[in-house]
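Structure first, then comments.
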Amino acid sequence: MMPSLPELGIYFSLLLFIVGIFGVMFRKNIIFMMLSVEIMLNAANLAFISASTLTNTIDGQVVMFFVMAVAACEAGIGLALIISLYRAKSSIEIDDLRMLRG
Amino acid sequence: MHDQTLLALIVLFPLIGALLNAFVFRHMSVVVSCLTATLAVAIPFILSLILFFGPIAKGTPVIAELFDWISVPLINGKEFNISFALTADRLSGLFLLVITGVGTLIHLYSGEYMHHENRPYRFFVYLNLFIVSMLLLVLGSNMLVTFLGWEGVGVCSYLLIGYWYEDTANSMAAIKAFIANRVGDAGFLIAMFLCYMLFKTINYSEIATIIAATPQNFYTEHSLEITLIGLCLLLGVAGKSAQIPLYTWLPDAMAGPTPVSALIHAATMVTSGIYLMNRVSFVLVLSPTVMTTIAIVGAATAILSATIGFAQTDIKKVLAYSTCSQLGYMVLACGVGAFQYGVSHVITHAFFKACLFLGAGSVIHAMHHEQDIRKMGGLFKRMPITSITFIIATLAIIGFPGFSGFFSKDAILAAAWSGPFGNPILWFVGWITAGFTAFYMLRLTWLVFFGESRAEHPEKIHETNYVITLPLIILAIFSALGGLIAIPEVFTGKEDFITRFLSPVLMQSEEILKASGIHGNPLSHSMEFGLMGASIIIVFIGALFAITVYKNGPQGGERFANAFGGFYRLIRDKWRVDELYNLVIYQPLAHFGSFLYRIIDRKVIDGVVNGIPETLYTGTSVASDAQSGMARNYLKFIYIGVFVFGLILFL
C-alpha cells in the first residue's frame, strides 16, 4: 500500500537533505554551497511540516516559520560576507580561503 | 675541667684543625698547615694522657653525652633514641693514646715529606679528618657513633689513597679500597640491625647488661641470631682490618703518600676491626662457631699474606703484606679468645709498623721516589739513623727476643695453643708464619740497607733531615720497649700488664666462657718456654735463610725463584687472588651491568621514556594535519561525527 502524503514528505525531506549535504561537501563555489545549505534548511522545514501533519499538532509549522526567518537572515549576511571575501581575495572558491589552518 | 669536656675536646681539636686548614690557611705555607694539623693531634694526645692516667687508669670510664642524635617516636608508644655519646674506658683509652700519639708523629713527618706538594693543606685536612673519624670510632658509646667513625675512616682512606688522583692507577686503588670497605660496612650495618632486633638497643653497655642478665638464654634460644651477628661483624672486620676475603685493597692502598700508609697501617683504620672485636667480645664468645671462624680467618690471612711478601719487590708492598699478616695474628688472637693480646699486638704493631713505613718513606725520599728494592742496597752507610731505626723495627716485627714484637707475638702464639678456642694447628700456622715473616723482612732489610749499592747515583743519597728522623727515633724506641705491656707471667711471676689492664672490659666475656664450660688449657711453664723456644728457632731459621739467599743482592733470589719455578710465579702474582675475584665477581657483574645497560636501560627504559613523547608527537601531528583550513574537510568531519553520533543514539 502507498504511504500517505506526510510520510512521503518525510522521505522526500531526507532525500533533499542528502542532496544538500552533498552539495555543501562537493561544491567549491561558496554561492553554490549556500544554495545547498538553503536546500538542507528547506528539507528540514518539509520534515517539520510532515511531522506536524502526522502527529496532528501545530508546533512543527511554527518552527518552520522561525527557520524561514533565520534562513532569510543567513542569506543576507552570507551574501554580504561573500562580497567582502571577494574584495579581499578576488575569489569565491572555498579552497582558496584556507588561512585558518593548524 | 670536667673529664667529659676533655673527652669532647679530644674529638673537637682535630676537627677544628681540619676546618682551619680547609678554610683559613688555604694559601699559607706548608709549615703553617703542618703545624696546625700536628697541634690539632698533639693537644688531644696530651688530653688523652691526662684522661688515661687520671680516671681511666683508676677504672672509671668517662662518659660524655653530647646531644640527642636520633630521636624517633615509635608506633608502640616507645621512643627510638640514640644519643651522640662518647665513652672512654680502658680499651678505648689505649687506642686513644696510640691514635693520637703515633698520629702526631706521622703528622709531623708529613710536613717534610709533603713539602714539595702544590697544595699540601688538602693533605693535612684529610689527615686530621682521619684522626677525627678514628677517635669517634673508638669512643662511640653505641654502634651508630662507631659506625659514623667507621664510615669516616673509609672516606678519608679513599681521599688519601687517591691523593695523587691525576694518576689513574692511584684513583683505581682508592676506589678498590673504598669498595672492599663498603662490602665490610654492609656486614657491620646488618650486624647493627640484628643487634637492634635482638636487644632493642645498640648501646654497648646496655647490650652487655642484657646479656649478663640471662646469658644461657642467648646460647639456646637466640644462638642463630648471635651467630649471624658475629659473622656479619666478622665481615665488617675483614673489610676494615684487611682479612680474607677482603684483604686485597690494603696492598693497593700503597698508592697513597707514604705517611698515609703509615697512618692507615699502624695507628688507625686497620686496627678498628680489632677494636670492634674487643668491644663486642661478650657477643662473639656466645657463639663458638663465630670464634672458630674468626680464628681460622686470622690464621689463614696471616700465612697467605706472609707468603705473598716473599716475592714483592716494591718496598712498600712488602710492608703492606706484612701488615695483612700481622693483622691476621691479631684476629687470630681474638678468635682463640685472647682478645687482650690482639690489643697488645695492635699497640706494638702501631709502633714498629709506623717506624717501618716512615723509614721506608725516608728511603724513598732519599732515593728520589725509587721504590724497587732491587735498585737499592748499601744504604746503611749513607743513612745511618733511618737504617738503625728500620732495623730495630724489623727486629720487633719478626719477634726477635727482647723486642716488642717478640712478647706480643709470643703471647698470641701461646694463646693459639692454649686459649679457650685454641688448637695446636692454629699455633702451627702462626709459628710457620713467624718464620716466613722473619724471612721476608730480613730479605727486605738486607736488600735495602746492606751489600753493594745498586742505585744509579749512590753518592747523591744522604740522610733526611730531623723532621723525618725525629719521629723515626721515637718510634724505634717504642718498637724496642713496647713489648713491656705483654711480658708474660713466666718472666715476672705475675699476670701480664695488658691482661690486668683490660680485665674490666673483657671480664664479661670471660665469665660467659666460664659459665658455658669453655676454658683454655693453662700452659705449664716448661711448655710455655718450649713454645717460646720453638718460635725463636723458626725466627732465626727464617732470618738466616734470608741473609744466606740474599747476601749478594737480588741474584740470590733469582736462583731461589728458578728452583721453585711455577710456585714462585704464583706467589709473585699474589696467588692470583685479584684475578680470581676479577673472574668470579667482577666479570659476571660487568656482564650483568652491560646486559642491564644494553637491554634494560637502552631498550626498556629509554624505550618508554622516548616512546611516550614520540607517540604524543605523532598523534598531535595527525591531529594538527586535520586542521587543514579547508572548510569542506571540516564539514566532512562534522557530518561524519553527526552520522556516527546519530548511529550510536539510534542503536
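Quick reminder: no glycine exception, Cβ is built from N, Cα and C everywhere.
Predicted, not measured: the structure shown is a model, and the values here were computed from it.
Residues or ranges marked as domain 'NADH-Ubiquinone oxidoreductase (complex I) chain 5 N-terminal' by TrEMBL: B:77-124. DSSP assignment over the domain 'NADH-Ubiquinone oxidoreductase (complex I) chain 5 N-terminal' (B:77-124) gives 29 helix, 10 strand, 9 coil.
The domain 'NADH:quinone oxidoreductase/Mrp antiporter transmembrane' feature in TrEMBL is assigned to B:142-435.
Within the chain carrying the transmembrane segment (B:6-24), a Cβ under 8 angstroms from the stretch's Cβ atoms is held by residues 33, 36-37, 39-41, 43-44, 47-48, 50-51, 62, 64, 66, 86, 88, 96, 100, 121, 124-125, 128-129, 131-132, 135-136, 139, all 6 or more beyond its ends. The transmembrane segment annotation in TrEMBL covers B:6-24 (among others).
The transmembrane segment annotation in TrEMBL covers B:31-53 (among others).
Here the transmembrane segment (B:91-111) has long-range neighbours at 10, 30-31, 33-35, 37-38, 41-42, 44-45, 48-49, 51-52, 56-57, 123-124, 127, 131, 134-135, 138-139, 257, 259, 262-263, 266-268, 271, 275, 278-279, 343, 346-347, 350-351, 354, 358, 361, 467-468, 470-471, 474-475, 501-502, 505, meaning same-chain residues at least 6 beyond its ends whose C-beta is under 8 angstroms from one of its own. Residues or ranges marked as transmembrane segment by TrEMBL: B:91-111 (among others).
Taken from TrEMBL, the feature transmembrane segment covers B:123-141 (among others). Same-chain residues lying 6+ beyond the ends of the transmembrane segment (B:123-141) with a Cβ under 8 Å from its Cβ atoms: 7, 10-11, 14-15, 17-18, 21-22, 33-34, 36-37, 40-41, 44, 63, 65, 83, 85-88, 91-92, 95-96, 99-100, 103, 106-107, 110, 114, 117, 147-153, 155-157, 159-160, 163, 203-205, 257, 259-260, 263, 267-269, 272, 275.
According to TrEMBL, the feature transmembrane segment maps to B:147-165 (among others).
A Cβ distance under 8 Å defines the sequence-distant neighbours of the transmembrane segment (B:177-199), meaning residues of its chain 6+ beyond its ends; these are 143-144, 147, 150-151, 154-155, 157-158, 161, 206-207, 210-211, 222, 225-226, 228-240, 246, 248-250, 252-253, 276, 283. Annotation comment: TrEMBL describes B:177-199 (among others) as transmembrane segment.
According to TrEMBL, the transmembrane segment annotation covers B:219-239 (among others).
As annotated by TrEMBL, transmembrane segment applies to B:260-278 (among others). Within the same chain, residues 91-92, 95, 98-99, 101-103, 106, 109, 127, 130-131, 134, 137-138, 146, 149-150, 153-154, 157, 160-161, 163, 188, 233, 236-243, 250, 253-254, 284, 294, 316, 319-320, 323, 327, 330-331, 334, 339-340, 342-343, 346, 349-351, 353-354, 357-358, 361, 502, 505-506 sit at least 6 positions outside the transmembrane segment (B:260-278) and bring their C-beta atoms closer than 8 Å to a C-beta of that stretch.
If you look up TrEMBL, you'll see B:290-311 (among others) marked as transmembrane segment.
Residues annotated as transmembrane segment in TrEMBL: B:318-340 (among others).
Residues of the same chain lying 6 or more positions beyond the ends of the transmembrane segment (B:425-446) and with a Cβ under 8 Å from any Cβ of it are 295-296, 299-300, 302-303, 306-307, 309-310, 312, 315, 318-319, 321-322, 325-326, 328-329, 332, 336, 373, 390-391, 394, 397-399, 409, 412-413, 416-417, 531, 534-535, 538-543, 545-547, 549-551, 557. The transmembrane segment annotation in TrEMBL covers B:425-446 (among others).
Annotation comment: TrEMBL describes B:529-550 (among others) as transmembrane segment. When Cβ-Cβ distances below 8 Å are used as the criterion, the transmembrane segment (B:529-550) is approached by residues 398-401, 409-410, 413-414, 417, 427, 431-432, 434-443, 446-447, 451, 490, 523, 556-557, 559-560 of the same chain, each at least six residues removed from its ends.
When Cβ-Cβ distances below 8 Å are used as the criterion, the transmembrane segment (B:31-53) is approached by residues 3, 6-7, 9-11, 13-14, 16-18, 20-21, 25, 62, 88, 93, 96-97, 100-101, 103-104, 107-108, 110-111, 114, 120-121, 124-125, 127-128, 131, 135 of the same chain, each at least six residues removed from its ends. When pLDDT is averaged over the domain 'NADH-Ubiquinone oxidoreductase (complex I) chain 5 N-terminal' (B:77-124), the result is 88.
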